[in-house]
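Undergrad: Have a look at the structure that comes next, please.
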Amino acid sequence: MGSWAWGFITDFFTYETTKSVVVKSWSVGIINRIVQLLIIAYFVGWVFIHEKAYQEVDTGIESSVMTKVKGFGYHQNRVMDVADYVFPQQGAGVFCIMTKLIITENQFQGRCAETEFGTFWLLTLLHSLSHTPGIITGVCLKVYNKTGQCEIEGWCPAENDNVKIKPMLDVNNFTIFIKNSIRFPLFNVTRGNFPTTMTSAEIRNCKFHPENNPFCPIFRVGDVLNYTGQSVEGLAAKGGEIGINIQWKCNLDLNIEKCVPQYSFTRLDKPFEKNAVSKGYNFRFAKYFKTENGTEYRTLHKAFAIRFDVMVTGNAGKFNTIPTLINLVAAFTSIGLGAVLCDVILLNFLKGADQYKAKKFEEVMSFAQIEASLAQSPGSQLSLKRGMKSSYDSGALSLDTTDQTI
């Protein structure tokens, strides 16, 4: 029992190593080094330098956006200010600047004429449609000596959105103030989209430019549209949707002052730009009043507007030991791929492949075969100690050979 335990202990603490075969071949050697250099260049250049795989990354950005629009414009012989053309007025991350307004005044509940049709069956068909300004009653009215106008029940008179109204092109010179604050909770880092050292006078007098003034929070509407390849003249009549993306990519291993936003602009409704149906952006709202006798009436507004969506994205990274070690191990392991590729070439495509195989792979006889071989060769100087077992690590035999005197 004691000898068995001692044998187990000696086998357990036996060290084993692989057999190395040195192949002096220019072609295989060059391929091996090229593959290794490519793998090292990939991990150093892309993984560590470009992707910064040595960093811990926080993608859970917390953000707050406040906006404010300023400017005056003329529309239908009226001077429009911020309270007239910005919706909603709270200054959120999504807001609209109205460019055209169709007003239908003094609407009362009742029945009146709507769309013009010539036959009664068309009136019945329209009864199920939802785009009419009221409920179709099925009666064909004679209005202004013309027949074929459907009667509706709802707010009268009905809205006429086919009127020609000149849009407010002064929108081009309006300005948008964007105040964005962000926080990366993993690192407890907070930043704002303009320097805290900027004075109110500097903010009032600056205009954003991606190269000359990238940290100014004041954006001219005409410039924003130009960055997207659009113009006020092209959007004012039907409206549209513009995206302002604020991207934060912060390397916290550097100075925190280098954590600054990058702005990009795009037209969000571009896939529907050339559609004949539901083109642009518009919405309706109403203001309600009462007559002296308590009858309710309203003024209906159909607003065509440019909608702005301020979107905030980003991530922050900082050095951390764990991802660094994981990627270093992956890099060193991947270098072994060069040896695998060279083995495939060496053992299958070069001259003398069989000779290389014989040198690389060595067959070891089993314990019984070795014992029988020694028994058949009594003059051999090798003796085998009985009781030795195979290694627990690789299955190779543990042999103890000594010189014997004849």
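Placement of Cβ uses the backbone N, Cα and C atoms for every residue, glycine included.
These figures come from a predicted structure and were not determined experimentally.
According to TrEMBL, the record shows the following:
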BINDING   K68, V69, K70, T175, N282, F283, R284, K302  ATP binding site
DISULFID  C112-C156  disulfide bond
CARBOHYD  N173  N-linked glycosylation site
DISULFID  C206-C216  disulfide bond
DISULFID  C250-C259  disulfide bond
TRANSMEM  325-350  transmembrane segment
Undergrad: For F283 (ATP binding site), which residues of its chain lie six or more apart in sequence with Cβ-Cβ distance below 8 Å?
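TA: In sequence order, F87, C96, K302, A303, A305 meet the Cβ cut-off.
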Undergrad: Residues sitting near the transmembrane segment (325-350): Cβ under 8 Å, six or more positions beyond its termini, same chain?
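TA: Residues 23, 25, 27-28, 31-33, 35-36, 39-40, 43, 47-48, 53-54, 356-357, 360 contact the transmembrane segment (325-350) from elsewhere in the chain.
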Undergrad: Work out how many Å separate C216 (disulfide bond) and T175 (ATP binding site) at their Cα atoms, rounded off.
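TA: About 12 Å separate the Cα atoms of these two residues.
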Undergrad: Across all the protein chains here, work out how many other Cβ atoms are within 10 Å of the Cβ of C216 (disulfide bond).
TA: 19
Undergrad: With H, G and I counted as helix, E and B as strand and the rest as coil, say where DSSP puts N173 (N-linked glycosylation site).
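TA: The three-state answer is helix.
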Undergrad: Between V69 (ATP binding site) and N173 (N-linked glycosylation site), how far is it from one CA atom to the other, in Å?
TA: 11
Undergrad: Provide the number of Cβ atoms within 10 Å of the Cβ of C259 (disulfide bond), excluding the reference atom itself.
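TA: Here the count is 19.
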Undergrad: Rounded to the nearest Å, what's the C-alpha distance separating C112 (disulfide bond) and T175 (ATP binding site)? Just drop the number here, would you?
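TA: Rounded to the nearest whole number, the Cα-Cα distance is 43 Å.
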Undergrad: Say we define neighbours as other CB atoms within 10 Å of the CB. Which of the recorded positions N173, T175, N282 has the fewest?
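TA: Among the recorded positions N173, T175, N282, the lowest count of other Cβ atoms within 10 Å belongs to N173.
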Undergrad: Here the binding-site residues are R284, K302; which one has the lowest number of other Cβ atoms no more than 10 Å from its Cβ?
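TA: Output over binding-site residues R284, K302: least Cβ neighbours within 10 Å is R284.
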Undergrad: Measuring CA to CA, name the entry from the binding-site residues K68, N282, R284 that ends up nearest C156 (disulfide bond).
TA: R284
Undergrad: Round to the nearest Å and give the CA-to-CA distance linking N282 (ATP binding site) with C259 (disulfide bond).
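TA: On Cα coordinates alone, these residues lie 38 Å apart.
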Undergrad: In the structure shown, with every protein chain counted, which of the disulfide-bonded residues C156, C250 has the densest set of Cβ atoms within 10 angstroms of its Cβ?
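TA: Selected residue: C250.
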Undergrad: If I take the alpha carbons of K68 (ATP binding site) and C206 (disulfide bond), what is the distance between them in whole Å?
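TA: Between the alpha carbons of K68 (ATP binding site) and C206 (disulfide bond) there are 15 Å.
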Undergrad: If you draw a 10 Å sphere around the Cβ of V69 (ATP binding site), how many other Cβ atoms fall inside it, taking every protein chain shown into account?
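TA: Excluding its own Cβ, the number within 10 Å is 21.
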